[in-house]
Amino acid sequence: QSPINIVSYDAKFRQRLPKLKFKPHMEKLKTEVTNHQNRAPEFEPEDGENLYVKLNNLVDGHYKFHNLHVHNGRTRRKGSEHSVNGRFTPMEAHLVFHHDDQTHFEPTRTKLGGAFPGHNDFVVVGVFLEVGDDGFGDEPDDEECKRILKGHHPDNNENGNGDNGNNGYNGDNGNNGDNGNNGYNGDNGNNGDNGNNGYNGDNGNNGDNGNNGENGNNGENGNNGENGNNGENGHKHGCRVKKAKHLSTILECAYRNDKVREFKKVGEEEGLDVHLTPEMPLPPLKNRHYYTYEGSLTTPPCTESVLWVVQKCHVQVSRRVLHALRNVEGY
């Protein structure tokens with residue numbers, strides 16, 4: 001049964017596990033917000049919005065995006081559902097994909113090392129979410145939230161610069177960043193935070209401090225792996241916590257919406273026009289190392305037909321997201 005405590009030093013390293021990808025890549029989905037079974041508001045795609053996860057050689061069949069939702073707990077220290085070596089994070093995001101029975105592919109259940117009877121109806125991607133204050137800007141006001149919940153981010157157009165013709169927060173294929181220089185970049189960005197080579201996008205170059213950080217050779221502390229040496233099991237899998245600024249703003253506004261905040265019963269919904277991509281809550285592409293196991297849904301009926309893909313690298317959202325989610329009345 002899921003969730004589980006992942007013991008990293010007992011995990012078996014597999015060099016050939018597939019990369020986590022989506023088809024079509026970077027597709028923006030129109031979603032509406034509904035009340036999840038455990039009263040966690042979830043973002044479900046509108047009819048006609050199709051997006052699939054690709055995990056070749058791990059699962060067969062087509063798995064279609066079903067929803068995004070976020071879990072938190074009674075305390076900040078134990079908010080995530082999964083844990084690694086007994087350590088939790090304040091929240092955990094789940095990207096849920098359901099087998100598309102409209103295709104001609106039957107779902108299979110493939111255990112590492114061989115197949116066994118049964119099948120996976122779901123693929124769920126779990127992401128550990130940390131919270132922070134720095135780098136997320138001012139709280140969005142009501143007018144800004146109205147624009148965001150209609151599918152338009154005020155500082156984001158898909159391929160270019162931010163408001164007023166300057167270089168603001170950029171979209172998926174942006175270049176320059178926050179201060180009109182090279183700041184926070186999109187997935188295919190170049191330079192990073194301080195106008196130099198800082199935080200890069202998926203196809204960027206240098207890491208945190210203009211040296212070899214996230215997408216360079218070395219890990220978090222300028223050396224190899226998580227703790228300045230070689231990472232878990234001796235493999236060089238360094239992580240740097242990505243700040244999910246755009247996602248934070250969307251979640252803040254959605255959870256603050258009057259109707260969403262007053263969700264009490266399962267099945268309640270609010271037709272907010274929110275544009276999301278599955279990339280938003282995920283680490284950059286080159287840092288999507290993951291643990292995978294076969295388990296169950298974490299809410300009733302707790303069906304044991306889920307392939308879990310739990311991201312090793314964490315993502316940070318604004319602390320305001322945590323407070324807003326806790327203020328949803330029925331949660």
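The backbone N, Cα and C atoms fix where each Cβ goes, and this holds for glycine too.
Swiss-Prot annotations:
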- 138-240: region 'Disordered' (REGION)
- 144-156: compositional bias 'Basic and acidic residues' (COMPBIAS)
- 157-232: compositional bias 'Low complexity' (COMPBIAS)
- 162-233: region '24 X 3 AA approximate tandem repeats of G-X-N' (REGION)
- THR298, THR299: substrate binding site (BINDING)
Cβ density check for THR299 (substrate binding site), other Cβ within 10 Å (all protein chains) comes to 15
In the region '24 X 3 AA approximate tandem repeats of G-X-N' (162-233), averaged pLDDT is 35
